[in-house]
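Some notes on the structure that comes next.
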Amino acid sequence: MGTCWGDISENVRVEVPNTDCSLPTKVFWIAGIVKLAGYNALLRYEGFENDSGLDFWCNICGSDIHPVGWCAASGKPLVPPRTIQHKYTNWKAFLVKRLTGAKTLPPDFSQKVSESMQYPFKPCMRVEVVDKRHLCRTRVAVVESVIGGRLRLVYEDSEDRTDDFWCHMHSPLIHHIGWSRSIGHRFKRSDITKKQDGHFDTPPHLFAKVKEVDQSGEWFKEGMKLEAIDPLNLSTICVATIRKVLADGFLMIGIDGSEAADGSDWFCYHATSPSIFPVGFCEINMIELTPPRGYTKLPFKWFDYLRETGSIAAPVKLFNKDVPNHGFRVGMKLEAVDLMEPRLICVATVTRIIHRLLRIHFDGWEEEYDQWVDCESPDLYPVGWCQLTGYQLQPPASQSSRESQSGSSKQKKKAKSQQYKGHKKKRKMPVGKKPVSLSSLPLTGGVRRSFSGDEELTPPPYRTLPAQTALEAFPPPSTSQEFSPSLKTVTTLQLKEELIDGEDYNFLQGASDQESNGSANFYIKQEP
């Protein structure tokens, strides 16, 4: 819904079920958006003015949320809430005054929601995906299920179909069949000599496209040093080395001091990846750089290390310097994939922002489980995404579960695992809560849950604008240029004739302004 969300803002009016009613049938009333939290909106019935007593949260993309005028078109009754039914003697005149000039949802909003949840990847499609046990190579896997664009992939040579891997359909970890051979990447051949019945190769155009690069001039070379997010410990940025230069801008990266002798933990990053950085990135942005394991000359100094190893730093100009105006702010809540267990999506908070790089903290867990994630990562979702798609949301860890793991967390850290699960240590699940296996869920999702995992909880307080009338807060645009490209006309809607006596309403479908955050030159200007 990202391309349609400009239609949603505070004070937008919608038609929703009236729960403050004693009638045996389902009836509706008009409500206004008071606050927004991801896909969720805090709504207040028209007529309550500044009384928040019956305010309620709902997912704005839910099936019971409609634009004003839907009831009239569908023959549904509009009935004022029982608490305020005697507040006005003429509800028709009240609605005329309140709703003239107000904004509502586009008439095709529910269709847009439905279309946005249609995904091109289908079960039985074959892809190449990173081998979670040997990062340096890929394997063939088959799409088992699709939930909200997230794929449960089962490795093709898995006999019992339990050897799986979760990722988003736009993840940089999956590719079309034949990709590895085309760029010179290592590949594990399957023991299966021919495709199983019903399996077919995914069309190449469905995969996320990478930016084209020119490797003919100055380019990355084997042995060059850089800084990179450790794929086996996403909370750290480490000293790293380019181990192999592949075609189409892809690089094999090794983490200094912890590489396997056979290179089985080398990891493939594209040259434009936001997960690799030039030498000095951490220092200039005051991020702790993890030195090579066993390196004793601390504090770590890049100039000394380059001289000792006889290496050179990768040229700064070869790295991706694009910083989108993403709008993230420290303290914002979201739902994020735990890349240690990529089938889990957890309640999380943005705790730090370095240009396009976000530090994601999983609520209720120690900081050692944090992960560095790009602002455009397909593993970050707005609040309410899990409820909308039917995906299980992991709530924050409780105090009792944290105490139960405190003893084990003090134990000596084990050596890095070769399995691609993000962090070095396995996260303990909350006491009494088993990890949720989503393989049994239907493709359209499972049981819908509230965004918080608790119906009685509400999102943290958000800024509330001063109360304004609809006409003051949302004046009609004076020119067509003030509309978004998809909303070029003012829609005239009619409420049900019994209520309004045939009077017309004008509802403006406006677009909210995008937040912007300036980019900056965050790379050092001189190379060691």
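Every residue gets a Cβ built from N, Cα and C, even glycine.
As recorded in TrEMBL:
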type: REPEAT; residues: 1-81; note: repeat 'MBT'
type: REPEAT; residues: 89-185; note: repeat 'MBT'
type: REPEAT; residues: 187-292; note: repeat 'MBT'
type: REPEAT; residues: 300-396; note: repeat 'MBT'
type: REGION; residues: 396-463; note: region 'Disordered'
type: COMPBIAS; residues: 398-409; note: compositional bias 'Low complexity'
type: COMPBIAS; residues: 410-431; note: compositional bias 'Basic residues'
type: REGION; residues: 509-528; note: region 'Disordered'
type: COMPBIAS; residues: 509-520; note: compositional bias 'Polar residues'
Determine whether the repeat 'MBT' (1-81) and the repeat 'MBT' (187-292) share at least three Cβ pairs under 8 Å, counting only pairs 6 or more apart in sequence.
no
Helix, strand and coil residue totals from DSSP for the repeat 'MBT' (300-396) stand at 19 helix, 30 strand, 48 coil
Taking DSSP helix as H, G and I and strand as E and B, the repeat 'MBT' (187-292) has 10 helix, 36 strand, 60 coil
DSSP puts the residues of the repeat 'MBT' (1-81) at 11 helix, 28 strand, 42 coil
For the repeat 'MBT' (89-185), the DSSP helix/strand/coil residue counts are 22 helix, 35 strand, 40 coil
In the repeat 'MBT' (89-185), averaged pLDDT is 94
